[in-house]
Amino acid sequence: MGQADNVQRNGKSTKNPSFYWLKNVREVLERPRAKLAEMMRAPSSASSCIFCQIARSSTSTVLLHSDEKVVVFQDINPSAFRHYLVIPIEHIPTVRNLQRRDEDFALVSHMLDVGQTLLRKDAPNSKHFRFGFHQPPFNSVDHLHLHCLALPFIPSWKSIKYLSLGPLGGFIKAEKLLEKLKPLSPLTS
């Protein structure tokens, strides 16, 4: 008989640590599913999106860059020496809303170019940079945003937020996303 059986048979209220550990892991894994389900039920609209408000200059957020396609501002909870967000002016909820087409490839390329230019100008002594997107259900705001980080992470434990979790999602580097979005070249015969 296993430990769980012994606990019930003896009538004790002792906890089986491995059982509770498994339960906690299950709860942690279910949280992203719950967030994804919530996102599917109530998609965010551009009118209620904080990033859309920032893009329209409807907030007091200081813009580091603005053009016809994107705006850039500092992350309110920076995870690195420099941490900027590049967002499209157009409301695009997440990376899952992007497709393999010229327009989306050009937008993400532009976002990356702008982010790289700003970070290299503002953090010229930094040797390590990271550029990428959180994928649902790990994104915090349902408006596409490129994280531009001049490392080191501050504090160092925040680096965990910027790891790829393979098929589970997590963080996708901008270059990897561009590979997925690059339009297929037409077949020639």
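Every residue, even glycine, has its Cβ placed from backbone N, Cα and C.
Note: TrEMBL annotation is automatic and uncurated.
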Looking at the candidate ranges 28-32, 103-107, 128-132, 143-147, report the one that TrEMBL labels motif 'Histidine triad motif'.
143-147
Where does the mean pLDDT land for the motif 'Histidine triad motif' (143-147)?
98
By a simple count, how many Cβ atoms lie within 10 Å of the Cβ of His147 (active site, tele-AMP-histidine intermediate), its own Cβ left out?
21
